[in-house]
Amino acid sequence: MEDTHLLTPYKMGQLNLAHRIVHAPVSRFRSYGSMPQPHNLLYYAQRATPGALLIAEASAVSYAALGRSKDDAANGPIHRQRPGPPGFLFGTNLTDYNSATDGVKATESGVNDRNNLSKWWFMSRLNESGNAGGAEESHYTLPSSLDAPGLWNQEQIEAWRPIVDAVHAKGALFFCQIWHNGRVFSTDNPVTPQVSYFGNTDDLAPAAPQRLETGEIVQIVEDFRVAARNAIKAGFDGVEIHAANGHLLHQFMKASVNDRTDEYGGSVENRCRITVDAMSAVAEEIGADRVGVRLSPFADHCREEGTDPEEVALHLIGVMNGLGVLYCHVIEPRCMREQHRGAPRAPQRPAPPAPVQKGVPRHVHCERRVRPGGRGQGGRRRLRRPGVVREIVPGQPRPAGEVQAEGGSERV
């Protein structure tokens, strides 16, 4: 490729990036029992290149953040009461897994072991007992937020460490996205700013969500603080606060979802309060120069229409600038109301801190986006092809269909 801005160095705060292609967080729900697994090490190490920035998949700030009920979250198990596959870890340091050789590469047998591990996991979801043998397709269940990784206890910190070390060994920088699910997943009692879910139930929320009390909101903010602290203990270079895609912080922003009449509802400032509090707490805990924030103000995920998305975004960007947050990760909307298409720009729009944009599927399109000085993120491309950065260098990226599937080391 001729001289491209995508491959030019970029200084982001105290971080020196070799190029402007960032590995976006992609939820995979393969961390059985919320414990990072051996295949996570291989997955991220494959995608790490010198001077690159990777952002790990959304990691829950608490057991309740997975979408569990308040009572269950208080003393709930870290994993479901079903047998785990051989090699999956519950409170065991990942370095004990004998298929990892030097923490970065794996032998051919090790790769196959990891692939078999993942295959076992998916097969175990085909029946109710959790046994891979004799699975019946009729009992298939979709990946669950319960299988998202977490960052709320010491065991998870220890499980993340070798994964972070593997990424650092490749010369890359590694952030972790921290997240609270809210009402999105199908669970017993998801939490929400509101009382009901549009007056009925559907496949997204089979039970009525539980309204959060003020004290519980304060605790959630504290959970974000602790998760950020734990991420640094695990070796991450920073965290990204997930305030997008219809999850809890995003739910508070949307007037169609947030019907509260207290200090967390009503005005734009009130609806953004929990997000602002979380940003402030995390910045205070680990330093604002280690904090990014993900927003999707125009997206209407999970029936969460917004009447004032631009006002919400501008308010939050102003707060980020005041705190000195490292970057703002804005997602290109794929779910949006028709009237928001081509929405006019605010005449005095404040510039977001170090803008990062996700949802730019082709490197030529991304090249146009990063010329003003931001970075482009690619999550889905890297999910399928860990070498996407190397492909751009010669200017001959493979077509989207040419990806490695069964058999190769990329299948994790």
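Note that Cβ sites are derived from N, Cα and C of the backbone, with glycine treated the same way.
Per Swiss-Prot, the features are as follows:
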BINDING   P25, V26, S27, A58, Q177, R294, G379, R380  FMN binding site
BINDING   H242, A243, A244, N245, R334  substrate binding site
COMPBIAS  360-387  compositional bias 'Basic residues'
REGION    339-412  region 'Disordered'
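Structure with Swiss-Prot features highlighted.
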| residue | record | DSSP class |
| --- | --- | --- |
| P25 | FMN binding site | coil |
| A58 | FMN binding site | strand |
| Q177 | FMN binding site | strand |
| H242 | substrate binding site | strand |
| R294 | FMN binding site | strand |
Task: Residues that sit under 8 angstroms from Q177 (FMN binding site) by C-beta distance, when 6+ apart in the chain - done: P25, I55, A56, E57, A58, S59, V239, E240, I241, H242, R294
Task: Rounded Cα separation (Å) that holds between S27 (FMN binding site) and N245 (substrate binding site) - done: 12
Open item on the list: For a quick check of understanding: among the binding-site residues S27, A58, which residue's Cβ has the most other Cβ atoms within 10 Å?
Closed with: A58
Task: N245 (substrate binding site) versus V26 (FMN binding site) - Cα distance in angstrom - done: 12
- [ ] With an 8 Å cut-off on Cβ-Cβ distance and a minimum sequence separation of at least 6, pull the same-chain contacts of A243 (substrate binding site), or say none.
- [x] L249, H250, M253, T275, A278, V293, R294, L295, L316
TODO: Look at each of the binding-site residues, V26, A244, and point out the one with the fewest other Cβ atoms around it within 10 Å.
DONE: V26
